[in-house]
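*Asks:* Here it is, the structure, as structure tokens.
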Amino acid sequence: MYRKVDVPFELYEVEILDASEEELAKISEEMGLALSVDEMKRIQDYFRQKGRNPYDIELQSLAQAWSEHCCYKSSKYYLRQYLLEASKADYVISAIEEDAGVVEFDDEYAYVTAFESHNHPSAIEPYGGAATGIGGILRDVLCMGAQPIALIDPLFFGNLDTPYEKLPRGTKHPLYLLKGVVAGIRDYGNRVGIPTVAGMVFFDNSYLTNCLVNVGCVGIVRKDRIIHSRAGGAGDLFVLAGGKTGRDGIHGVTFASAELDEKSEEEARGAVQLGNPIMKEPLIHACLEVVEKGLLTGMKDLGGGGLSCVIGEMALAAGFGAEVYLDKVPLKEEGMAPWEIWISESQERMMLTVRPEHIDEVLYIFQKWDVPATVVGKVIPEKITRIYYKGYKIYEMDTEFVTSGPEYCRPYVARKPEKELHEEVEPPADYVKTFMKMLSHPNAAFKEWIVRQYDHEVRASTVLKPLQGKMNFETHGDAAVIKPTRSFRGLAITADVNPWMCKVDPYWGAASSFDEMVRNLVAVNAVPHSFNDCLNFGNPEKPERMGEFVEAVKALGWMAKGVGVPCVSGNVSFYNETPYGAVAPTPSLLGVGIVEDVRKAITSEFKGRGAVILVGETHNEFGGSLYSAVMGQRCHKVPRTSPERLKTYSDAMLESFRKFEVKACHDVSMGGLAVCIAEMSFGRGLGFEAARELSFVELFSESNTRWVVEVPESVAEGYAEFFRAKELKAEVIGYSGGERLDFGAFSVELGEADKSWREGLTKFL
């Protein structure tokens, strides 16, 4: 089925014209294409029309372009139906269409956001997988002409107390993965000089055999310097800038488009890319300089699929084709076959399109920064991609055929609620013991061990940091705030999802995650402005898994349209599944808000001598809650929300910040009101005394659309009345100060609770 072509390098003709379905399946498996028989038959028909067999490089190119990772073949239909309408707003400059979303920041500047997954590589090699995830997301923002200003990293692992002897075969321990991933993010982000300001870490045994590493980036760009991921016109030159091309990252996207198993590490280690932050830093400077001087017509990063995807996509987006001279590509090693060069995903590479009259100046600037840059091709009028290698034509395909991957409307089964919504949840026999267990649970406990490894202050623009409060008393903040320009206008950044809620009910779990994202932005006095999603799910070929995805997407679209917060960019990561099961549905969200004046941003810790007010409504809703996890109770009613209620309360909260002096604000989320108040107390070592006995449901329910606000006692009643006048619920529930957490129903020493919370994660390290 493979015939070596008579050329002075490795090139094979693959005999598919008369191949049977069994032979097509065998070719796909042997070449690592990860294409179905139907997809191979479509390729077979194309080359029958051409009257020839394809070369190996052509089949490999199609495998990259048609992978789940690159063409979204299982998700496009449902994203278009339920979510893409939520990408529209007057202030959105570019959404969904390119590598990153571009949104108006002020009259002069726009901010750029991108959010991706690097799950499979991190499960195989946690340090390298996480590091190259950071490298890739930086390039997504850079290719829009933006200076990266902040990194975000939601991480998901199996339970840290998993006994080694109970690990499935071929699985790395969650503690090893956690340490490797955190080190990879730390070393890459710190060395390239971009602050890591937000994120989350979540532990659940659905991630035991398939951890998730999601990475996000925010950048800033002058509106007149925004550049797009497309060529300018025929005659433009393709310039490959950055790192050399090697055998690392080959079949990265096809590896990411299949389930993991116990053989994955042995078979797919070469699919993990190797990052180099020391090359990335000058590459960023050089790219921004040529953008500032107006020397480029287009720019795009080399991510999934490498050269095989970037050149065709840039050319076709402008209505043209490409001619490539593959032997001009700088290599890390000799002896690479043309197909390996074409699909390698080696890191730190950018593709630029440049008019011929500007090429010398562009190459000089990259030489000045000591970054390799080479002309590797040109844009041609025909919508065809041709590749030459050492004088031989080895590839010729219609660019539209390569980039028009399949699209499936996969069948799905929507999960039905397991029980009636009205369910009884047992209160704890011992309130204090239960509360201390909740505080020390790794999902609620202090994340200082992780946060302190990241430089969140480099670039000197981080106004609100991930940890807030008095030195040595810091607590978790709701969102970071960045001051990206000389004005006092700022960006608030948060990352949110609750996989436990999504596991119980994907629809209401996703809606609750959106609600929490908005709450976190509002809590720091930011107007919710846009969001990105990173949708992590199992095998889409299984109707139950596809049902989880569809329900989550429906919920996000409903919430986004109703609240008026557009989805500007995103990512879908399927096949997060092994023979031992799929990950919990995990629709990670990256939220961005506008802070009109960073000097008026609000932190989460109690300041003392204040009245504590609960804003919002509490219901008996324990599905996916920390309380139900700690107590081992199966609760099925995930907290409800609605875009109308969320919008009404959010607007009222922001108005109240303008009208009243507000000392502190924190959203009520994991652990409910009790854990929320405890976190606010820990930030300055100030206790809390309830004004009345708070009930079990009030303390531990995780109902949505709630905040705890600290105000001076003198304005407390006026503040609560402000909400009541709008027919919204607000109540003075207590006062800050003292050395105890006294909730009426129970009371604990603040120091004991603080110790339990701060040691909840570190006791496993």
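Including glycine, each Cβ sits where the backbone N, Cα and C put it.
As listed in Swiss-Prot for this protein:
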- His69: active site (ACT_SITE)
- His118: active site, proton acceptor (ACT_SITE)
- Tyr72, Asp533, Gly570: ATP binding site (BINDING)
- Glu116, Asn571: Mg(2+) 1 binding site (BINDING)
- Ser117, His118, Asn119, His120, Arg139, Gln273, Glu345, Ser346, Gln347, Ser573: substrate binding site (BINDING)
- Asp140, Asp301: Mg(2+) 2 binding site (BINDING)
*Asks:* Under 8 Å Cβ to Cβ from Tyr72 (ATP binding site), same chain, six or more residues apart: give me those in sequence order, or none if nothing qualifies.
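*Replies:* Within the chain, Tyr72 (ATP binding site) has Cβ neighbours under 8 Å at Leu79, Val572.
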*Asks:* Taking 10 A as the limit, how many CB atoms besides its own sit near the CB of Ser117 (substrate binding site)?
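*Replies:* For Ser117 (substrate binding site), the 10 Å Cβ neighbour count is 26.
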*Asks:* Cα distance, Asp533 (ATP binding site) to Ser117 (substrate binding site), nearest Å?
*Replies:* 10
*Asks:* Starting from the Cα of Gly570 (ATP binding site), work out which of the recorded positions (Glu116, His118, Asn119, Arg139, Asp140, Asp301) are within 10 Å.
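*Replies:* Within 10 Å Cα-Cα: Glu116.
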*Asks:* Write out, in the order they occur in the sequence, the residues of the chain not among Tyr72, Asp533, Gly570 that have a C-beta within 8 Å of the mean position of the C-beta atoms of the recorded ATP site.
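*Replies:* Here the non-site neighbours turn out to be Ser75, Leu79, Leu83, Cys534, Leu535, Cys567, Ser569, Asn571, Val572.
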*Asks:* Looking at the binding-site residues Asn119, Gln347, Asn571, which one has the fewest other Cβ atoms within 10 Å of its own Cβ?
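*Replies:* Per-residue Cβ counts within 10 Å for the binding-site residues Asn119, Gln347, Asn571 bottom out at Asn571.
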*Asks:* Do you know offhand how many angstrom separate Glu345 (substrate binding site) and His118 (active site, proton acceptor) by C-alpha?
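*Replies:* Computed Cα spacing between Glu345 (substrate binding site) and His118 (active site, proton acceptor) is 13 Å.
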*Asks:* Might you list, by sequence position, any residue in that chain lying six or more from Asp140 (Mg(2+) 2 binding site) with a Cβ less than 8 Å away from its Cβ?
*Replies:* Asp99, Ala100, Ala114, Glu116, Cys217, Asp301, Gly303
*Asks:* Determine the minimum-neighbour residue: among Glu116, Asp533, listed as binding-site residues, which Cβ has the fewest other Cβ atoms within 10 angstroms?
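*Replies:* Looking at the binding-site residues Glu116, Asp533, the Cβ with the fewest others within 10 Å is that of Glu116.
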*Asks:* Spatially, which candidate from the binding-site residues Asn119, Arg139, Gln347, Asp533, Asn571 is nearest to His69 (active site), comparing Cα atoms?
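*Replies:* Checking each of Asn119, Arg139, Gln347, Asp533, Asn571 against His69 (active site), the shortest Cα distance is to Asn571.
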*Asks:* Near the Cβ of His69 (active site), how many other Cβ atoms are there if near means within 10 Å?
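*Replies:* Around the Cβ of His69 (active site), 26 other Cβ atoms lie within 10 Å.
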*Asks:* With the substrate site defined by the record as Ser117, His118, Asn119, His120, Arg139, Gln273, Glu345, Ser346, Gln347, Ser573, how many Å span the farthest pair of C-alpha atoms?
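*Replies:* Overall maximum Cα spacing for these binding residues reaches 20 Å.
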*Asks:* Nearest to His118 (active site, proton acceptor) in three-dimensional space, by Cα, is which of the binding-site residues Arg139, Gln347, Asp533, Asn571?
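*Replies:* Closest by Cα distance to His118 (active site, proton acceptor) among the binding-site residues Arg139, Gln347, Asp533, Asn571: Asn571.
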*Asks:* Where does His69 (active site) sit by DSSP, helix, strand or coil?
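*Replies:* DSSP call for His69 (active site): helix.
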*Asks:* Which of the three DSSP-derived classes (helix, strand, coil) applies to Asn119 (substrate binding site)?
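*Replies:* For Asn119 (substrate binding site) - judged by DSSP and reduced to three states - the answer is helix.
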*Asks:* Just to verify a number: CA distance, Gln347 (substrate binding site) to Asp533 (ATP binding site), in angstrom, no decimals.
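*Replies:* Answer for this pair: 24 Å between alpha carbons.
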*Asks:* Would you count the other CB atoms within 10 A of the CB of the residue listed as 'active site, proton acceptor', including those on all shown protein chains?
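*Replies:* Step by step: centre on the Cβ of the residue listed as 'active site, proton acceptor', count other Cβ atoms within 10 Å, giving 28.
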